[in-house]
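*Asks:* Sharing the feature lines straight out of Swiss-Prot:
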- 1-22: signal peptide (SIGNAL)
- THR108: phosphothreonine (MOD_RES)
- 289-438: domain 'Cupin type-1 2' (DOMAIN)
- SER308: phosphoserine (MOD_RES)
- SER443: phosphoserine (MOD_RES)
Amino acid sequence: MGPTSLLSFFFTFLTLFHGFTAQQWPNECQLDQLNALEPSQIIKSEGGRIEVWDHHAPQLRCSGFAFERFVIEPQGLYLPTFLNAGKLTFVVHGHALMGKVTPGCAETFNDSPVFGQGQGQEQGQGQGQGQGQGFRDMHQKVEHLRSGDTIATPPGVAQWFYNNGNEPLILVAAADIANNLNQLDRNLRPFLLAGNNPQGQQWLQGRQQQKQNNIFNGFAPQILAQAFKISVETAQKLQNQQVNRGNIVKVQGQFGVIRPPLRQGQGGQQPQEEGNGLEETLCTMRCTENLDDPSSADVYKPSLGYISTLNSYNLPILRFLRLSALRGSIHNNAMVLPQWNVNANAALYVTKGKAHIQNVNDNGQRVFDQEISKGQLLVVPQGFAVVKRATSQQFQWIEFKSNDNAQINTLAGRTSVMRGLPLEVISNGYQISPQEARSVKFSTLETTLTQSSGPMGYGMPRVEA
């Protein structure tokens, strides 16, 4: 085959390849209708359940998010798991202990005698640790969590939760599977370090459904025995082959991990050990922020509510994950002025109450116009204008955004796009009088929240599929 033929073959292959990839995700964000989404799969375990939204749904595919809700019963332990994507987790309800294992970081929590004599001494591997008194444990950082906490977790970082309260612990998590930190396909892939998922990963298209086991299950027991310097019998227990408790298990008796005292406030700093720059960046970096404190809100009006934002300025690890969050709480008939996300997609999850939401796409079509309630999820794509009005005594929500410094622009209000336009542009653009143009530009003095004078009108019907 000559050079000309090779070149022709190369361009033909390239054309076919681009055609194939174009067919893989054609017009992902050409959305003429949005819907309030509910979970499509429930994974039950001994100590709780995981509810998974279908991230192949058009609007979630557009946003790039995979979304999950965790319900962990009292004394339930969500076993260590890591993902192929960075994620933000929000504590909707309850209290918990949380631990994360960041690769290469030291065990900074230690000196707690939690194991008795004889444990860990298998095959002469006790290493002389406290014989007769039991040896002392050490592990990476453990944090107390409460309602309103938002946790940033990089890909590949194993994470666990323990419900140490008396009520169910409810968490929601958004993983950005479209981010370049995910080097696999656009599927959420949990890698289990312990436990299993008897129902399998039903959201993975093209894979035969089968039980999902933990990572150790794939290794030969003899290899594990050599790697951990334990017996083959113990190695087989690591594989959880005959146990179907799921990935959330019930803890029997006391949960004796080393933990700090409960936080007295949000400003406390953990003492840091001397180390190199990498350790200071990854190992001691703060990963949790509480968004339920109105005193630290970005927008606060006692009669209307508050809005708090979380971005890479107040939680620097988000710069690495390229994610941010917004927490909102508004009273009945309060309205969030019409706005759009300048540089991010958003996934809005309702944590309390109800609201009427309208959403408009790039064709000027109303693609969403209905009430949304607790437990439902709505995607707001980049540039789609949205307005929210509370229809219950209190409406609360959390938004996850696909940019670490997500920005909004408002259509009405003191800092809106209309306020920045000359009166002549408004008057001529909408064919209205100068007096009407002044009213459009200057009548609304608020920047974000305002009082609604009544229910949102329906006007022209929304576009139906």
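Start at 1 and count along the chain as shown; that gives each residue its number.
Any Cβ shown, glycine's included, is placed from N, Cα and C.
Worth saying up front: this structure is predicted, and the values here are computed from it rather than measured.
Give me the structural setting of these features: burial, nearby parts and distances.
*Replies:* In sequence order, LEU291, ASP293, SER296, ALA297, ASP298, LEU326, ARG327, GLY328 are the residues of the chain that are 6 or more apart from SER308 (phosphoserine) and have a CB within less than 8 Å of its CB.
Using a 10 Å radius centred on the Cβ of SER443 (phosphoserine) and all shown protein chains, the other Cβ atoms total 9.
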*Asks:* What counts of helix, strand and coil residues does DSSP assign across the domain 'Cupin type-1 2' (289-438)?
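*Replies:* The composition, in the requested order, is 21 helix, 70 strand, 59 coil.
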